[in-house]
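Peer 1: I am attaching a structure below and will ask some questions about it afterwards.
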Amino acid sequence: MLKLMVIPLIVSSVITATASLDAKSNGRISLVSIIFIVFTNSLSCVVAIALVLIMKPGDGVNSEVTETISSAGIETSDIFADLLRNIMPDNIVDMAFQQTLTRNDVTNETYLRNTTNGTDEETFRKVNKSIGKTSGTNILGIIMTCLLLGIAINKAEEKGKPVLDFFNSLTGVIMIILKWLLWFTPVGVLSLIAFTTASVRDLAQNFQALGILVGLMVVGVLLHQLIIMPTLCFVLTRRNPYRFAVQIGKAWMIVLATTSSAMAFPEILSACEDHQNVDRRVSRFVAPFSVALSANGSAMFIAATSIFIGNVVGMDLNAGDIILIGILADICSMALPSIPSASIVAIVMVLTSMNIPAGSISLLFAVEWFLDRIRSTSNLVGQTHCVVVTYHFCKKSLEQSDMLQDIETGDDKTKQSAFLIYLLPDRCWLDHSKRVSPFIGRCRVLGSEHVVMAAL
């Protein structure tokens with residue numbers, strides 16, 4: 001039921017958020033969130049590489065027992081092309097349950113070659129690329145479509161107000177339904193975890209064979225969630241990061257059970273808006289945007305596992321190879337489809353790009369159920385912090401934009417001669433109307449907050 005309500009909530013939230021912002025605010029919010037996402041994904045790759053070099057998880061693992069899997073035709077360009085196609089979908093209905101995916105069909109063709117001693121048969125491996133569909137919600141396509149619609153509603157002004165009112169009402173109705181459904185969340189979470197754990201065969205043996213890799217990921221996830229992200233949050237926003245960690249506890253448990261941040265979208269909004277007082281215009285745009293692009297845990301997993309498999313198959317990776325793996329992992333983590341274990345596809349692509357045999361990736365299947373869950377929780381932590389940090393850096397511009405909008409929507413006398421002086425304990429802003437040249441002054445005054453209306 002939670003999955004049923006995710007798409008309507010994302011659609012209504014993104015449209016109402018972008019329609020309530022001007023173009024300048026939309027651009028600033030998008031820029032800040034993208035910078036934070038790229039930086040944290042890159043930082044996760046650096047942490048993964050450092051842990052792999054220290055712990056050396058590939059030593060002593062036998063790769064002869066692994067089975068071969070197909071990695072034919074997967075290229076770096078394919079995943080970028082799919083990303084661009086999914087950003088601008090060609091069917092507004094289709095994007096709700098399918099994504100565009102490049103398919104590679106491999107055929108072996110035999111030819112007869114004339115030689116001096118007769119004819120010899122030669123077999124050639126031919127890869128045919130085609131554009132197909134795979135099941136899964138196209139979150140990026142939905143966000144971009146709703147973003148364009150929201151901007152158009154904003155530009156339409158009075159004509160677009162009925163549409164905006166409809167989506168505002170829809171958001172409120174969906175949130176009420178989700179609050180009802182969340183009462184059953186604890187039971188659902190425990191059931192999913194119990195079912196997944198019980199369905200794994202030879203649990204102890206699997207962890208023993210890949211114990212160092214699993215331990216590496218656990219250490220990396222703990223560093224990310226308890227040290228790296230809290231430190232970034234405190235340095236950038238001066239907020240208590242561990243209080244915020246408690247506030248996203250419900251969302252964390254949902255992601256642990258479902259391996260999908262989209263399932264915890266209502267709880268992400270609740271933690272950011274109700275507990276951190278994030279402006280709804282920011283949270284309802286940045287939250288789905290970060291869910292689609294921010295994947296700190298996946299970036300860490302892709303980088304660490306790619307180097308691990310390289311060591312397992314006996315590849316001698318130099319410093320340049322390791323740096324390139326980190327860059328590819330960072331980029332691939334932002335283009336993952338929103339399906340469980342999507343990181344496995346990205347790992348195959350990275351290994352193929354580095355000319356590393358991908359057959360040993362089957363080693364991961366035994367512990368993927370566990371690794372997928374812990375890295376998904378790190379994805380969630382990065383996504384929620386992205387919302388809070390973006391709001392911190394865009395808060396002043398939103399306040400100034402609201403101030404000017406209040407002047408513009410006032411009566412004629414106010415538009416022609418009024419200005420606002422906001423006197424705060426540590427600063428003040430002086431904004432003239434559009435009739436005079438804009439001026440922003442700052443001063444330090446003592447006392448409580450005052451709002452003064454004066455005439456020129």
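Placed from the backbone N, Cα and C atoms, the Cβ positions cover glycine too.
TrEMBL labels come from automatic prediction, so no person has curated them.
These came from TrEMBL, pasted as-is:
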- 1-20: signal peptide (SIGNAL)
- 29-54: transmembrane segment (TRANSMEM)
- 135-153: transmembrane segment (TRANSMEM)
- 173-195: transmembrane segment (TRANSMEM)
- 207-232: transmembrane segment (TRANSMEM)
- 244-265: transmembrane segment (TRANSMEM)
- 285-309: transmembrane segment (TRANSMEM)
- 344-371: transmembrane segment (TRANSMEM)
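Burial and contacts for the listed features, if you can.
Peer 2: Sequence-distant contacts of the transmembrane segment (29-54), counting only residues of its own chain at least 6 positions beyond either end whose CB sits under 8 Å from a CB of the stretch, comprise 21, 216, 219-220, 223-224, 228-229, 232, 282, 285-286, 289-290, 293-297, 299-304, 307-308, 322, 325-327, 329-330, 333-334, 378, 382, 385-386, 389-390, 393-394.
If you look at the transmembrane segment (135-153), the same-chain residues 6 or more away from its ends with a CB under 8 A from one of its CBs are 6-7, 10-11, 14-19, 23, 26, 83, 86-89, 92, 95-100, 160, 163-164, 262, 285, 288-289, 291-293, 337-339.
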Peer 1: Who are the chain neighbours of the transmembrane segment (285-309) in space, where the CB to CB distance is under 8 Å and they lie at least 6 residues beyond its ends?
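Peer 2: Hits for the transmembrane segment (285-309): 10, 13-14, 17-18, 21, 26, 29-30, 33-34, 37, 40-45, 47-49, 51-52, 57-58, 139-140, 142-143, 147, 213, 216-217, 220-221, 224, 229, 261-262, 265, 268-269, 272, 317, 322, 325-326, 328-330, 332-334, 336, 338, 342-343, 346-347, 350-351, 354, 356, 358, 360-361, 363-364, 371, 374-379, 381-383, 386-387, 390-391.
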